[in-house]
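Trainee: There's a structure below that I have some questions on.
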Amino acid sequence: MAKFNRIHLVVMDSVGIGAAPDANNFVNAGVPDGASDTLGHISKTVGLTVPNMAKIGLGNIERPVPLKTVPQEANPSGYYTKLEEVSLGKDTMTGHWEIMGLNITEPFDTFWNGFPEEILTQIEEFSGRKVIREANKPYSGTAVIDDFGPRQMETGELIIYTSADPVLQIAAHEEVIPLEELYRICEYARSITLDRPALLGRIIARPYVGEPGNFTRTANRHDYAVSPFEPTVLDKLNEAGIDTYSVGKINDIFNGAGINHDMGHNQSNNHGVDNLVKALKDENFKHGFSFTNLVDFDALYGHRRNPHGYRDCLEEFDARIPEIIENMREDDLLMITADHGNDPTYAGTDHTREYIPLLIFGKSLSGHGHIPVGHFADISATVAENFGVDKAMIGESFLDKLV
(Lines of atoms letter the chains of each structure in order from A and count residues from 1; the text may use other names and numbers.)
(Lines give C-alpha, C1' and ligand atoms only; values in the text may rest on other atoms or scores of the structure.)
Protein backbone atom coordinates (compact mmCIF):
# COMPACT_ATOMS: atom_id res chain seq x y z
CA MET A 1 0.00 0.00 0.00
CA ALA A 2 1.31 3.45 -0.93
CA LYS A 3 2.61 5.58 1.91
CA PHE A 4 1.27 8.63 0.05
CA ASN A 5 -1.73 8.39 -2.25
CA ARG A 6 -0.55 11.35 -4.33
CA ILE A 7 2.89 12.88 -4.81
CA HIS A 8 3.27 16.33 -6.37
CA LEU A 9 6.65 17.39 -7.77
CA VAL A 10 7.20 21.07 -8.62
CA VAL A 11 10.33 22.03 -10.58
CA MET A 12 11.38 25.66 -10.14
CA ASP A 13 13.21 25.82 -13.45
CA SER A 14 16.88 26.85 -12.96
CA VAL A 15 16.76 27.51 -9.20
CA GLY A 16 20.17 26.07 -8.31
CA ILE A 17 21.70 26.19 -4.83
CA GLY A 18 25.45 26.30 -5.41
CA ALA A 19 28.11 24.99 -7.76
CA ALA A 20 28.21 21.22 -8.27
CA PRO A 21 31.49 19.35 -7.63
CA ASP A 22 32.14 19.12 -11.39
CA ALA A 23 31.00 22.68 -12.17
CA ASN A 24 34.39 23.73 -13.53
CA ASN A 25 33.90 21.29 -16.41
CA PHE A 26 31.10 23.60 -17.65
CA VAL A 27 31.52 27.19 -18.79
CA ASN A 28 29.66 30.46 -19.39
CA ALA A 29 31.24 32.89 -21.85
CA GLY A 30 34.57 31.19 -21.18
CA VAL A 31 34.18 31.36 -17.38
CA PRO A 32 33.98 28.00 -15.55
CA ASP A 33 30.76 27.47 -13.55
CA GLY A 34 32.69 26.74 -10.35
CA ALA A 35 31.68 29.98 -8.60
CA SER A 36 28.01 29.90 -9.66
CA ASP A 37 25.30 29.96 -6.99
CA THR A 38 21.83 30.96 -8.15
CA LEU A 39 20.04 31.17 -4.79
CA GLY A 40 23.14 32.23 -2.89
CA HIS A 41 23.96 35.15 -5.14
CA ILE A 42 20.35 36.33 -5.36
CA SER A 43 20.09 36.19 -1.57
CA LYS A 44 23.39 38.04 -1.15
CA THR A 45 23.08 40.73 -3.83
CA VAL A 46 19.39 41.72 -3.83
CA GLY A 47 17.93 39.98 -0.78
CA LEU A 48 15.39 37.16 -0.78
CA THR A 49 12.27 36.84 1.36
CA VAL A 50 10.69 33.41 0.93
CA PRO A 51 9.13 32.58 4.32
CA ASN A 52 7.18 29.55 3.14
CA MET A 53 10.16 27.77 1.61
CA ALA A 54 12.27 28.87 4.58
CA LYS A 55 9.73 27.28 6.93
CA ILE A 56 10.12 23.92 5.19
CA GLY A 57 13.90 24.22 5.47
CA LEU A 58 15.40 26.07 2.48
CA GLY A 59 17.82 28.03 4.67
CA ASN A 60 18.87 24.84 6.47
CA ILE A 61 20.21 23.13 3.34
CA GLU A 62 23.88 22.26 3.75
CA ARG A 63 26.07 24.86 2.02
CA PRO A 64 29.62 26.26 2.40
CA VAL A 65 28.01 29.59 3.38
CA PRO A 66 24.36 29.84 4.56
CA LEU A 67 21.90 31.76 2.39
CA LYS A 68 22.35 35.34 3.55
CA THR A 69 18.72 36.46 3.71
CA VAL A 70 16.93 33.11 4.13
CA PRO A 71 16.85 32.21 7.84
CA GLN A 72 17.61 28.79 9.21
CA GLU A 73 14.62 27.23 10.97
CA ALA A 74 15.12 25.67 14.39
CA ASN A 75 11.98 23.59 13.84
CA PRO A 76 11.36 23.21 10.08
CA SER A 77 8.02 21.91 8.88
CA GLY A 78 9.47 19.43 6.39
CA TYR A 79 12.53 17.68 5.05
CA TYR A 80 15.29 19.29 3.00
CA THR A 81 18.49 18.49 1.13
CA LYS A 82 20.33 19.23 -2.10
CA LEU A 83 20.90 16.89 -5.02
CA GLU A 84 23.77 16.48 -7.47
CA GLU A 85 23.47 15.79 -11.21
CA VAL A 86 25.41 12.90 -12.73
CA SER A 87 24.40 13.38 -16.39
CA LEU A 88 26.68 15.18 -18.82
CA GLY A 89 24.54 18.23 -19.41
CA LYS A 90 23.00 21.25 -17.74
CA ASP A 91 19.92 21.73 -19.92
CA THR A 92 16.23 21.35 -19.13
CA MET A 93 15.69 17.99 -20.83
CA THR A 94 18.77 16.41 -19.26
CA GLY A 95 17.78 17.64 -15.79
CA HIS A 96 14.18 16.47 -16.02
CA TRP A 97 15.07 13.13 -17.59
CA GLU A 98 17.60 12.48 -14.83
CA ILE A 99 15.06 13.44 -12.16
CA MET A 100 12.88 10.70 -13.66
CA GLY A 101 15.68 8.16 -13.45
CA LEU A 102 17.88 8.36 -16.56
CA ASN A 103 21.63 8.92 -16.78
CA ILE A 104 22.34 11.03 -19.87
CA THR A 105 25.88 10.11 -20.92
CA GLU A 106 25.64 11.80 -24.33
CA PRO A 107 24.46 15.39 -23.88
CA PHE A 108 22.29 17.20 -26.39
CA ASP A 109 23.93 19.89 -28.51
CA THR A 110 23.35 23.59 -27.89
CA PHE A 111 24.22 26.35 -30.33
CA TRP A 112 25.26 29.55 -28.59
CA ASN A 113 26.56 31.02 -31.84
CA GLY A 114 23.60 29.88 -33.93
CA PHE A 115 23.13 26.82 -36.11
CA PRO A 116 25.80 25.84 -38.65
CA GLU A 117 25.37 26.95 -42.22
CA GLU A 118 24.89 23.36 -43.33
CA ILE A 119 21.63 23.02 -41.36
CA LEU A 120 20.25 26.36 -42.57
CA THR A 121 21.09 25.52 -46.19
CA GLN A 122 19.38 22.13 -45.93
CA ILE A 123 16.23 23.77 -44.57
CA GLU A 124 16.35 26.39 -47.33
CA GLU A 125 16.67 23.73 -50.02
CA PHE A 126 13.81 21.70 -48.56
CA SER A 127 11.44 24.62 -47.99
CA GLY A 128 12.27 26.83 -50.95
CA ARG A 129 12.48 29.74 -48.51
CA LYS A 130 15.52 31.70 -47.37
CA VAL A 131 16.50 31.85 -43.68
CA ILE A 132 17.12 35.21 -41.97
CA ARG A 133 20.73 34.79 -40.84
CA GLU A 134 20.61 37.67 -38.34
CA ALA A 135 18.01 35.80 -36.25
CA ASN A 136 20.17 32.66 -36.06
CA LYS A 137 21.23 32.86 -32.40
CA PRO A 138 19.76 32.49 -28.90
CA TYR A 139 16.79 34.86 -28.89
CA SER A 140 13.71 35.71 -26.85
CA GLY A 141 10.69 34.33 -28.70
CA THR A 142 8.79 37.60 -28.51
CA ALA A 143 11.80 39.78 -29.33
CA VAL A 144 12.69 37.75 -32.39
CA ILE A 145 9.30 38.31 -34.02
CA ASP A 146 9.34 41.99 -33.07
CA ASP A 147 12.76 42.33 -34.71
CA PHE A 148 12.25 40.18 -37.82
CA GLY A 149 8.47 39.79 -38.23
CA PRO A 150 8.15 42.87 -40.47
CA ARG A 151 10.90 41.53 -42.76
CA GLN A 152 9.26 38.10 -42.87
CA MET A 153 5.96 39.69 -43.89
CA GLU A 154 7.75 41.38 -46.80
CA THR A 155 10.02 38.55 -47.95
CA GLY A 156 8.55 35.26 -46.69
CA GLU A 157 11.91 34.29 -45.20
CA LEU A 158 12.08 31.88 -42.26
CA ILE A 159 12.91 33.07 -38.74
CA ILE A 160 15.07 30.34 -37.18
CA TYR A 161 16.50 30.85 -33.69
CA THR A 162 17.55 28.91 -30.60
CA SER A 163 17.86 29.27 -26.80
CA ALA A 164 20.02 27.95 -23.97
CA ASP A 165 18.35 24.59 -24.40
CA PRO A 166 18.97 22.16 -27.27
CA VAL A 167 16.11 23.48 -29.42
CA LEU A 168 15.60 24.83 -32.93
CA GLN A 169 12.60 27.17 -33.19
CA ILE A 170 10.94 28.40 -36.37
CA ALA A 171 8.69 31.46 -36.10
CA ALA A 172 6.25 32.08 -38.94
CA HIS A 173 3.42 34.56 -39.48
CA GLU A 174 0.31 32.48 -40.16
CA GLU A 175 -0.76 34.72 -43.06
CA VAL A 176 2.66 34.50 -44.71
CA ILE A 177 3.64 30.88 -44.09
CA PRO A 178 0.56 28.65 -43.61
CA LEU A 179 0.53 26.35 -40.59
CA GLU A 180 0.66 23.18 -42.67
CA GLU A 181 3.78 24.44 -44.43
CA LEU A 182 5.41 25.49 -41.14
CA TYR A 183 4.72 22.08 -39.62
CA ARG A 184 6.14 20.33 -42.69
CA ILE A 185 9.34 22.39 -42.46
CA CYS A 186 9.63 21.60 -38.74
CA GLU A 187 9.18 17.88 -39.44
CA TYR A 188 12.06 18.09 -41.90
CA ALA A 189 14.21 20.01 -39.40
CA ARG A 190 13.47 17.25 -36.87
CA SER A 191 14.66 14.60 -39.33
CA ILE A 192 18.10 16.25 -39.77
CA THR A 193 18.77 16.91 -36.07
CA LEU A 194 18.69 13.42 -34.59
CA ASP A 195 22.46 12.81 -34.55
CA ARG A 196 25.68 14.64 -33.84
CA PRO A 197 26.87 17.25 -34.53
CA ALA A 198 23.30 18.55 -34.14
CA LEU A 199 21.51 16.29 -31.66
CA LEU A 200 18.58 18.47 -30.59
CA GLY A 201 15.95 17.80 -27.98
CA ARG A 202 13.12 19.68 -29.67
CA ILE A 203 12.10 21.46 -32.84
CA ILE A 204 9.38 24.01 -32.06
CA ALA A 205 6.94 25.60 -34.50
CA ARG A 206 6.21 29.14 -33.25
CA PRO A 207 3.35 30.64 -35.30
CA TYR A 208 2.23 34.22 -34.73
CA VAL A 209 -0.22 36.78 -36.10
CA GLY A 210 -0.68 40.54 -36.11
CA GLU A 211 0.99 43.62 -37.53
CA PRO A 212 4.43 45.16 -36.92
CA GLY A 213 4.55 46.48 -33.37
CA ASN A 214 1.63 44.27 -32.34
CA PHE A 215 2.57 40.65 -33.02
CA THR A 216 1.21 37.87 -30.80
CA ARG A 217 2.13 34.20 -30.74
CA THR A 218 -0.81 31.85 -31.27
CA ALA A 219 -1.87 28.60 -29.61
CA ASN A 220 -0.83 26.66 -32.72
CA ARG A 221 2.65 25.98 -31.35
CA HIS A 222 3.81 22.45 -32.03
CA ASP A 223 6.77 20.61 -30.51
CA TYR A 224 8.69 17.89 -32.31
CA ALA A 225 10.59 16.23 -29.49
CA VAL A 226 12.49 13.04 -28.93
CA SER A 227 11.27 10.57 -26.38
CA PRO A 228 13.54 9.50 -23.52
CA PHE A 229 15.89 6.74 -24.72
CA GLU A 230 14.91 4.42 -21.85
CA PRO A 231 11.70 4.06 -19.83
CA THR A 232 11.43 6.62 -17.04
CA VAL A 233 9.48 6.30 -13.81
CA LEU A 234 6.66 8.15 -15.60
CA ASP A 235 6.45 5.23 -18.05
CA LYS A 236 6.47 2.71 -15.22
CA LEU A 237 3.66 4.52 -13.39
CA ASN A 238 1.61 4.81 -16.56
CA GLU A 239 2.08 1.13 -17.40
CA ALA A 240 0.87 0.26 -13.89
CA GLY A 241 -2.33 2.24 -14.48
CA ILE A 242 -1.35 5.01 -12.07
CA ASP A 243 -2.39 8.59 -12.87
CA THR A 244 0.40 10.88 -14.10
CA TYR A 245 -0.48 14.57 -14.44
CA SER A 246 1.79 17.05 -16.23
CA VAL A 247 1.66 20.82 -15.79
CA GLY A 248 3.55 23.24 -18.04
CA LYS A 249 6.21 22.02 -20.44
CA ILE A 250 6.60 18.60 -18.77
CA ASN A 251 4.60 16.96 -21.56
CA ASP A 252 6.92 18.49 -24.17
CA ILE A 253 10.09 17.55 -22.26
CA PHE A 254 9.07 13.88 -22.20
CA ASN A 255 7.36 13.92 -25.63
CA GLY A 256 4.22 12.73 -23.86
CA ALA A 257 5.86 9.46 -22.80
CA GLY A 258 4.34 8.11 -19.59
CA ILE A 259 1.88 10.99 -19.16
CA ASN A 260 -1.84 10.25 -19.12
CA HIS A 261 -3.26 13.63 -17.97
CA ASP A 262 -1.76 16.79 -19.49
CA MET A 263 -2.92 20.07 -17.94
CA GLY A 264 -1.41 22.07 -20.82
CA HIS A 265 1.17 24.83 -21.18
CA ASN A 266 1.54 27.60 -18.63
CA GLN A 267 1.16 31.24 -19.64
CA SER A 268 3.19 32.18 -16.55
CA ASN A 269 4.33 30.72 -13.25
CA ASN A 270 1.11 31.89 -11.60
CA HIS A 271 -0.93 30.21 -14.33
CA GLY A 272 1.13 27.06 -13.73
CA VAL A 273 0.30 27.13 -10.03
CA ASP A 274 -3.36 27.63 -10.99
CA ASN A 275 -3.15 24.50 -13.15
CA LEU A 276 -1.47 22.55 -10.35
CA VAL A 277 -4.21 23.61 -7.93
CA LYS A 278 -6.81 22.41 -10.48
CA ALA A 279 -5.08 19.03 -10.50
CA LEU A 280 -4.99 18.97 -6.70
CA LYS A 281 -8.74 19.64 -6.62
CA ASP A 282 -9.57 17.08 -9.33
CA GLU A 283 -12.00 14.61 -7.73
CA ASN A 284 -10.88 11.94 -10.19
CA PHE A 285 -7.22 12.31 -9.18
CA LYS A 286 -7.25 9.97 -6.21
CA HIS A 287 -3.96 8.10 -6.58
CA GLY A 288 -0.92 9.12 -8.57
CA PHE A 289 1.80 11.60 -9.43
CA SER A 290 1.74 15.20 -10.67
CA PHE A 291 4.78 16.84 -12.27
CA THR A 292 4.87 20.63 -12.70
CA ASN A 293 7.45 22.86 -14.38
CA LEU A 294 7.53 26.60 -13.66
CA VAL A 295 9.82 28.17 -16.26
CA ASP A 296 9.65 31.94 -15.64
CA PHE A 297 12.65 31.91 -13.28
CA ASP A 298 14.81 30.61 -16.11
CA ALA A 299 13.28 32.10 -19.25
CA LEU A 300 12.53 35.61 -18.02
CA TYR A 301 15.25 36.29 -15.46
CA GLY A 302 18.07 33.74 -15.42
CA HIS A 303 19.14 33.98 -19.04
CA ARG A 304 18.62 37.72 -19.01
CA ARG A 305 20.84 38.02 -15.92
CA ASN A 306 18.21 39.93 -13.97
CA PRO A 307 18.66 39.17 -10.25
CA HIS A 308 15.95 41.62 -9.13
CA GLY A 309 13.36 40.04 -11.42
CA TYR A 310 14.48 36.56 -10.42
CA ARG A 311 14.09 37.45 -6.73
CA ASP A 312 10.62 38.88 -7.31
CA CYS A 313 9.64 35.73 -9.22
CA LEU A 314 10.83 33.50 -6.36
CA GLU A 315 8.93 35.59 -3.82
CA GLU A 316 5.79 35.47 -5.98
CA PHE A 317 5.95 31.67 -6.15
CA ASP A 318 6.68 31.40 -2.43
CA ALA A 319 3.49 33.36 -1.72
CA ARG A 320 1.48 30.67 -3.55
CA ILE A 321 2.83 27.76 -1.49
CA PRO A 322 0.16 28.08 1.26
CA GLU A 323 -2.53 27.73 -1.42
CA ILE A 324 -0.85 24.59 -2.77
CA ILE A 325 -0.62 23.12 0.74
CA GLU A 326 -4.22 24.09 1.54
CA ASN A 327 -5.43 22.05 -1.43
CA MET A 328 -3.32 19.00 -0.60
CA ARG A 329 -5.00 16.00 1.00
CA GLU A 330 -3.82 14.47 4.26
CA ASP A 331 -2.04 11.65 2.43
CA ASP A 332 -0.40 13.88 -0.24
CA LEU A 333 3.32 14.64 -0.46
CA LEU A 334 4.78 17.83 -1.98
CA MET A 335 8.33 18.00 -3.33
CA ILE A 336 9.81 21.29 -4.59
CA THR A 337 13.07 21.15 -6.54
CA ALA A 338 14.88 22.46 -9.67
CA ASP A 339 16.53 21.03 -12.81
CA HIS A 340 19.80 23.01 -13.09
CA GLY A 341 21.08 26.46 -12.16
CA ASN A 342 20.96 29.79 -13.99
CA ASP A 343 22.79 32.30 -11.80
CA PRO A 344 21.51 35.77 -12.82
CA THR A 345 24.70 37.39 -11.49
CA TYR A 346 27.07 35.16 -13.47
CA ALA A 347 29.08 35.56 -16.67
CA GLY A 348 27.38 34.79 -19.97
CA THR A 349 23.72 33.90 -20.41
CA ASP A 350 23.74 30.09 -20.14
CA HIS A 351 22.61 27.71 -17.42
CA THR A 352 25.01 26.99 -14.56
CA ARG A 353 26.06 23.57 -13.27
CA GLU A 354 24.71 23.47 -9.73
CA TYR A 355 23.20 21.38 -6.99
CA ILE A 356 19.41 21.64 -6.84
CA PRO A 357 17.41 22.16 -3.63
CA LEU A 358 14.81 19.65 -2.51
CA LEU A 359 12.05 20.62 -0.07
CA ILE A 360 9.54 18.00 1.09
CA PHE A 361 6.25 18.61 2.91
CA GLY A 362 3.33 16.40 3.83
CA LYS A 363 0.43 16.99 6.22
CA SER A 364 0.77 13.44 7.55
CA LEU A 365 4.50 13.75 8.27
CA SER A 366 5.36 14.08 11.95
CA GLY A 367 9.12 14.25 11.43
CA HIS A 368 11.34 16.82 9.77
CA GLY A 369 14.97 17.55 9.09
CA HIS A 370 17.94 16.94 6.84
CA ILE A 371 18.09 14.13 4.28
CA PRO A 372 21.62 13.16 3.15
CA VAL A 373 22.82 14.84 -0.04
CA GLY A 374 21.92 12.62 -2.99
CA HIS A 375 21.34 12.72 -6.74
CA PHE A 376 18.57 14.03 -9.00
CA ALA A 377 17.19 10.54 -9.70
CA ASP A 378 16.61 9.86 -6.01
CA ILE A 379 13.35 11.77 -6.46
CA SER A 380 11.93 9.31 -9.00
CA ALA A 381 13.28 6.31 -7.09
CA THR A 382 11.29 7.55 -4.08
CA VAL A 383 8.17 8.04 -6.21
CA ALA A 384 8.62 4.56 -7.69
CA GLU A 385 8.97 2.87 -4.30
CA ASN A 386 5.92 4.71 -2.97
CA PHE A 387 3.71 3.46 -5.81
CA GLY A 388 5.21 -0.03 -5.97
CA VAL A 389 6.84 0.18 -9.41
CA ASP A 390 10.44 -0.36 -10.47
CA LYS A 391 12.77 2.61 -10.51
CA ALA A 392 14.45 3.55 -13.81
CA MET A 393 18.20 3.36 -14.57
CA ILE A 394 19.48 5.18 -11.49
CA GLY A 395 18.39 6.65 -8.16
CA GLU A 396 18.13 5.64 -4.51
CA SER A 397 14.84 6.04 -2.66
CA PHE A 398 14.65 8.11 0.51
CA LEU A 399 11.05 7.08 1.22
CA ASP A 400 12.06 5.43 4.50
CA LYS A 401 13.44 8.78 5.74
CA LEU A 402 10.01 10.42 5.50
CA VAL A 403 8.19 9.75 8.76
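The backbone N, Cα and C atoms fix where each Cβ goes, glycine too.
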Trainee: Using only what Swiss-Prot says about Mn(2+) 2 binding by Asp298, His303, identify which of His261, His351, His368 is listed for that site too.
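Mentor: Within the candidate list, Swiss-Prot flags His351.
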Trainee: If the Mn(2+) 2 site is taken as the center of the Cβ atoms of Asp298, His303, His351, which further residues of that chain fall within 8 Å of it by their Cβ?
Mentor: Asp13, Ser14, Ala164, Ala299, Gly302, His340, Asn342, Thr349, Asp350
Trainee: Which of the binding-site residues Asp13, Asp339, His340 has its Cα nearest to the Cα of Asp298 (Mn(2+) 2 binding site)?
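Mentor: Nearest listed residue in space: Asp13.
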Trainee: Let me know how many other Cβ atoms fall within 10 Å of the Cβ of Asp13 (Mn(2+) 1 binding site).
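Mentor: The Cβ of Asp13 (Mn(2+) 1 binding site) has 23 Cβ neighbours within 10 Å.
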Trainee: Sorry to bug you, but what's the C-alpha spacing from His351 (Mn(2+) 2 binding site) to Asp13 (Mn(2+) 1 binding site), rounded to the closest Å?
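Mentor: About 10 Å separate the Cα atoms of these two residues.
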Trainee: When the number of other CB atoms within 10 A of each residue's CB is tallied over all shown chains, which of the binding-site residues His303, His340 has the maximum?
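Mentor: Compared across His303, His340, the most Cβ atoms within 10 Å surround His340.
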